[in-house]
Every structure is written in C-alpha cells, then in structure tokens.
Amino acid sequence: MENALLELKEKMKLVYAGYGSYLVVLFKFLLALVVFEEINGILPYVEVLDQLFVVLLAALICSIMPWNLMVFCGMGLIVGQCYGVGIEVAGFALALMVIMVILYLRFTPQDALVMLLTPVAFAFGVPCLIPIGYGLTKAPSSAISASFGVILYYFMELVSGNASAMIGADKEGKIQNLKFLADGLMQNQEMMITIIAFVTVLVIVHVVRRLEVEYAWNIAILVGGMVYMLVMAAGGIFLEAPIPAIPLVAGTIVSVIVGEILEFFLFHVDYKRTERLQFEDDEYYYYVKAVPKITGAKKSREYKMEETPVYPDVIREQEGE
C-alpha cells in the first residue's frame, strides 16, 4: 500500500513538473470558485453578485492574476453583499477590510490567502485544519492572517443571522445597526476563544515540527489537534460560551487526517535509516544528522546508468589527434 502511494506521489511530481503552470491556474480557478460560492452562500443579499456567470468570470480572472487579487475580490464580494443589507453595513464591512489590509500588508503580506481560506474551512466544518496546515508549512506570523480570517467568518455570520432585522432601517436604525455590529464583534466570546485556539495551535505546531526528534511532524499534528480541542472546550467552559462537542471533535479528527496527508507529501522520511555524520575543517567540527526521504521503489529501477564501450581503436585515434 505504501509503495503504491509513493509511486503515485512520484507520478504526481512528474505531472506537476511538466504541466505545473497549467495546474496552478486550474487550482486557483477552483479555489476562487469555492471561496466566492461560500461567501455568497453565507451572504446571499445581492442577486447580481450571486449569479453563476459573475462568479465564474471573477474566478477565471483570479486564476491568471496574483494571489492577492483573489483576496481583494473576496473582500469586495463581502462588502457588495453587505450593501444588500444596508449601506451602513457595507460601510462597516469596508472599514473592517481596510484595517485588515493595512495590518496584513504590514506584517504578513505573503499569507493573505488564509484570510479567505479560514471562512471556507469553517463552512466545511474543519476550522482546525487552518492552524495545523499553516503551522506545518508557514511561520508563526501566519497567525495574524488566520485571526483576521476568523473575524471575517464571525462578521459574516453576524450579518447573516441578523440581516432581516437590519434591512430597511431608517436613520436611527442605521446608527443602531452600526452599534450592533461593533458590539457583536467585540463581545463575541466564541470568536475570541477561536482566535486564541488558532494562534496557540499554529505556534505549537510550528515549534514542534521543527524539533530535532523523530516523527516531529506527526507529533505536531496530533498535539495541534488535541490542543485545539482542549482550548476550545476549556474556553467554552470558562467564558460560558456554548461550543458544540460533536462538530468540534469530528472537525478536529478530519483536520488531523488531512494534516497527515500533508505530511506524506511534504515531509515523508525514513527514520529507521537515519545516519549521524561528522566532518571537520580548520576551525570547526560538524555533527550532521541525515534522515533519508522515502521515495518510490520504482524510481531506482527506472534510472540506470548506461555504459558505453570504448574500443582501443577509438583511443588510438584520439591520441593521434
């Protein structure tokens, strides 16, 4: 079974090496399509923005443009859908987006995409996948963008859950709506718990997977899943915020499984064949721990050095020249 998976991994590498640019465009198109559809699913208040043609066109444009354009398009879609609830809601959303953009451009401009992936992960019931995945592949600074993603999700849920009461508000009602949105975010204890859990898990996973111990990535994934459940459960009890147990456990288990899949493709090594080597020069001794990667058994059979026979006549001709 493992050999079959390893051979599949090698074949996928070969396919990516040959068609990488096309696959990236396809992946960006599908990802943008999922992100925009999920946003419209939570905030379906402007019919034009919810049309399939508009979503497909936006996803197609994002597929051939830099990653940050997808983020700005997603934010623009959120603001546009909020306009269907009320101009004050759209203004609040725009102000929130501007603050996030300024901060993320200052601290984590390379991790903008996580702000949109986080609401999608919540929609699929696997929020824990974000801190585990980014802890394995990115730096602790990614926690900033992930936290913004959490805020975006809870803001959209806040608008979606109270849209009927905010639509068609008069001047006084618009002011009350702004106050309601501000209080709804600042006093959302579940959102605060989730942000704490995201930051804690992402940092712990990053630290553990960098340890010089065997199976560091596997340990980091399992520890991250357990810490996420522990922080969410403890925070829910301490702050008296209801955290559904079954979705929490099920989503964390799925996130751990996906994390193990990431480990297989990104850091699959054979600890049984670990070697410890020693080198030296005029000034230092070097102690190196070498852990070989696990590759498909088929690979060693495919690439063989061909020996070309050299005849004496050829050698004499070359010497004569």
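Backbone N, Cα and C atoms are what each Cβ position is placed from, and that goes for glycine too.
Pulled from TrEMBL:
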type     : residues : note
TRANSMEM : 14-36    : transmembrane segment
TRANSMEM : 56-78    : transmembrane segment
TRANSMEM : 85-107   : transmembrane segment
TRANSMEM : 113-136  : transmembrane segment
TRANSMEM : 148-169  : transmembrane segment
TRANSMEM : 189-208  : transmembrane segment
TRANSMEM : 215-239  : transmembrane segment
TRANSMEM : 245-267  : transmembrane segment
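At the 8 Å Cβ threshold, with sequence separation of at least 6, the transmembrane segment (56-78) lacks contact with the transmembrane segment (215-239), having fewer than 3 such pairs. Highest Cβ pair count under 8 Å relative to the transmembrane segment (189-208), across stretches 85-107, 113-136, 148-169, 215-239, 245-267: 215-239. Contact between the transmembrane segment (245-267) and the transmembrane segment (113-136) is supported by 3 or more Cβ pairs under 8 Å, counting only residues 6 or more apart in sequence. For the transmembrane segment (215-239), the list of distant contacts is 128, 131-132, 135-136, 189-190, 192-194, 196-197, 200-201, 204-206, 208-209, 245, 248-249, 252-253, 255-256, 259-260, 263, 267, 271: same-chain residues at least six beyond its ends, Cβ to Cβ under 8 Å.
Counting residues 6+ beyond its ends, the transmembrane segment (148-169) has Cβ neighbours under 8 Å at 39, 42-43, 45, 78, 82, 85-86, 88-89, 93, 96, 100, 103-104, 114-119, 122, 127, 130, 176-177, 180-181, 184-185, 188, 190-191, 194-195, 198 in the same chain.
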